[in-house]
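*Asks:* I grabbed these lines from TrEMBL:
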type	residues	note
DOMAIN	46-292	domain 'G-protein coupled receptors family 1 profile'
TRANSMEM	30-57	transmembrane segment
TRANSMEM	64-87	transmembrane segment
TRANSMEM	107-124	transmembrane segment
TRANSMEM	144-166	transmembrane segment
TRANSMEM	186-212	transmembrane segment
TRANSMEM	233-256	transmembrane segment
TRANSMEM	276-294	transmembrane segment
Amino acid sequence: MKHCFYNETVGFFYNNSRKELTTYWRTKDVLVVALGLTVSVIVLLTNLLVITAIVINRRFHYPIYYLLGNLAAADLFAGIAYMFLMFHTGPRTAELSLKTWFIRQSLLDTSLTASVVNLLAIAVERHQTVFTMQLHSKMSNQRVTILIFCIWVTALLLGLIPSYGWHCLCALDKCSRMAPLYSRSYLTFWAVSNLVIFLIMVVVYTHIFIYVKRKMTRMSKHTSFHPRYKETMISLVKTVTIILSAFVICWTPGQVVLLLDGLGCKSCDVLAVEKYVLLLAEINSLINAIVYSYRDNEMRSTFRRILCFVCYRNSRYTPTVVKLNTTDRRTLSQNGHFTVDSSI
């Protein structure tokens, strides 16, 4: 029968994993917390702005924008989770109970998982709309709601599993170095799961990229196609490139470090880069808001309305008139559907 250490302190497990647990604030601890809190505040504000814009503008009441809103909510949650971590790190870690430590880690795991899975859902939705030559998918509000529900259920399950059994409180030899109360097998599972999602996203966006490039090549041979369509295609290619680049830069280092720790690499100094790769993953929550929202003209316009609300508070609000001008015209395909006119 296994002996479990439920009554031990956090420090006991840190000592077991040989992870340093400081009792005073060092310069690098202060810098990490200051930088972390700054990033968290910016993440909270930018994603709150995205959610507000989607709520107040009826032109955003479509499946893709509901998914964008859910992505912003996940990143907002990630900002809160990371801020909670900053207030419970450094010398304060030793003061945590086992329950509080698990809550701290579960918040991070849940929020980051929700963000990654939501990115995959957006990639699949964009793939569907691009290949059917539509501006918005035909997914019903009910199906979008179910999809969003499934995203959060998946995130919660992956985030809470360690607290309900997949830990090393009863097997000290299997404890992780980066997360001394987690089992290395869980870290391996979590890292591999995210890497699989990443590979699927690469395949999906690569397919979109190749399709768009071929479409543009065929269109360039004709002079009758609408110039707005070419502009949209070029914008879509740029967005796809930015999405993949940001995702690779922000997520790959953290997943590799987690995988190395999970596999028990003895020669890998994972603790030296632990805080930095986590911060890098958190920065992706800021980049998401910029890439998926700021590149949308209507979204930018809504942002300006929100930010300049104080300037217009004494004036009477007049709803935006929907016009099909030269910069917002959507080209009809032969089957009567709107072509893609979004850089998302």
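Cβ coordinates come from backbone N, Cα and C, glycine included.
What's the neighbourhood like for each of these?
*Replies:* Here the transmembrane segment (30-57) has Cβ contacts under 8 Å with residues 65-66, 68-69, 72-73, 75-76, 78-80, 82-83, 85-86, 89-90, 275, 279, 282-283, 285-286, 288-290, 292-293, 298-299, 302-303, 306-307 of the same chain, all six or more residues outside its ends.
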*Asks:* Mean pLDDT, the domain 'G-protein coupled receptors family 1 profile' (46-292)?
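*Replies:* Summing pLDDT over the domain 'G-protein coupled receptors family 1 profile' (46-292) and dividing by its length gives 86.
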*Asks:* Would you call the transmembrane segment (276-294) and the transmembrane segment (107-124) in contact, using three or more Cβ pairs under 8 Å, pairs 6 or more apart in sequence?
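*Replies:* Contact criterion met.
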*Asks:* Among 64-87, 107-124, 144-166, which stretch has the most Cβ pairs under 8 Å to the transmembrane segment (186-212)?
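*Replies:* Stretch with the highest Cβ contact count: 107-124.
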*Asks:* Six or more residues out from either end of the transmembrane segment (107-124), which same-chain residues have a Cβ under 8 Å from its Cβ atoms?
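*Replies:* Long-range Cβ neighbours of the transmembrane segment (107-124): 64, 67-68, 70-71, 74-75, 77-78, 80-82, 84-85, 147, 151-152, 154-156, 158-160, 162, 190, 194, 197-198, 200-201, 204-205, 247, 251, 278, 281, 284-285, 288, 292, 344.
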